[in-house]
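Shown next, in C-alpha cells, is the structure this report addresses.
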Amino acid sequence: MGDRPWQQQLQPHDQQAASCSVTAGMMMQASATSSSIHGNNIIRKDPGGGYDMAELDHIFLYLNSQDQASAAIQEQPQTLNIFPSQPMHAGEPSPKGSSSMAAINSAPSNNALAIAAGSSKRPPAAAAAGGQPSRLNNPADQPSASGKDGKAAVVKKEGGGGGGKHHGGASSAAASEHEGPKTPDAKTLRRLAQNREAARKSRLRKKAYIQNLETSRIRLSQLEQELVQRSRTQGAILGGGAFSAGIGGQSPEAAWFDGEYARWVESHERMMAHMRAAVEEQPQHGGVAAAAAEAQLRQLVDAAVAHHGVLVELKAAVASADVFHLVSGTWLPAAERCFLWIGGFRPSELIKVST
C-alpha cells in the first residue's frame, strides 16, 4: 500500500511497465514459496497427515497468479498493431523515474528471496504467522495489477480494431482502384446513343449529297450532248460550211445567218432566171397571149419581193445576236463587197434585179 503514491505519478507507459514487473515479481515470489513448501512438506507433515494453513495459502496464491498470467496472455490478440494507442517515440524518463523503475524491478526479487529464506528458517508456527500478512497484502495488490493489465489489453484491442478498420478501408479502396471499368450510367449511355444517331444521319446526308452530285454530273453531260447534237443538226440545215465557220471564230448566229443567206441567194438566182425568161417570151403584139404573159410576170415579181422580205427577217434575227457580223459585210458575196469598198454604200435592190 505504500507504493501507490509514486505509481500514480508515473506516465501511462511507465504504469504499464510497472504493472508487468509487479506481476512478474509476484509470480517469482509464488514460485519460490511453492518450492519452499514442497521442500519442507515432508518435514512438516504431522503424524495425522494434515498440512499447515500457510502452505495452502501460498499454493492458492501461486495457482491464482498462474491463471491470471495465462488469461492476460490469451486476451492479447495475435495481430499487428498498425495504429497503437500509445505514442511510439516516448520522451526519455527522468533520472528519478529510472531510479524508481529500478527499485520496482529489484523489490520483488528481494522480497521473494527474503520470504524464501524466512520460510526455510522459521518453524511451522512462525511460518503460519508470517503467511497471514502475505495473504492479506498480496490479494490487495493483485487486483490492481490485473485491472491495469485488463485496461492495457482493452486499449490494445481498441487500437488493433481501429487499425483493422483503417486497413480494411485502405484495402477496399485499393480493391476498388484495381477493379475493371465500371458500367456507364444512363446519362452516358444516352449521350453515346445520340452520338451514334448523329453520325448515322451525317453519313446518310453525305451519301445523299454524293448522289446529287453524281446526278447533276450525269444531267450536265446529257445537256452537253444535246447541245452538240443540236449544233450538228443546225449546221446540217444551214449548210456544210456553217458549222465549220462557227468553229473558225464566228458565233453560232453568224454561222447560221451565213448559211441561210447562201440558200436565199440560190433561190433568188432561180427566181431571177424565171423572170428573165418571162420577159423574153412576152409577145410583141397585144392579145390574149400578151395578157397571160403579163400576169405571169407580175406573179414572178411579187414572189421576188416576198423573197426579199425573207432576207430582211434573217437580217433582223442576226442583228439581235451579232450586229457587228451584219455591219462588216463578210456575209456578202465578192461583188457586193467590192461595191462597198469602192463607194462605201450598199447596191440597191434595183441594181441586183437589173444585173
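Cβ coordinates are placed from backbone N, Cα and C, and glycine is handled just like the others.
Annotated compositional bias 'Low complexity' per Swiss-Prot: 118-134, in sequence order.
According to Swiss-Prot, the feature compositional bias 'Polar residues' maps to 135-144.
Sequence annotations record features per position, and here Swiss-Prot assigns compositional bias 'Basic and acidic residues' to 148-159 (among others).
Residues or ranges marked as compositional bias 'Basic and acidic residues' in Swiss-Prot: 176-188 (among others).
Among the features that Swiss-Prot reports, domain 'bZIP' is placed at 185-230, with the record citing sequence analysis.
In this model, the domain 'DOG1' (254-355) carries an average pLDDT of 76. Annotation comment: Swiss-Prot describes 254-355 as domain 'DOG1', evidence class sequence analysis.
Per Swiss-Prot, region 'Disordered' is recorded for 83-104 (among others).
Here Swiss-Prot flags 118-188 (among others) as region 'Disordered'.
The region 'Basic motif' feature in Swiss-Prot is assigned to 187-207.
If you look up Swiss-Prot, you'll see 213-227 marked as region 'Leucine-zipper'. With helix defined as DSSP H, G or I and strand as E or B, the region 'Leucine-zipper' (213-227) counts 15 helix, 0 strand, 0 coil.
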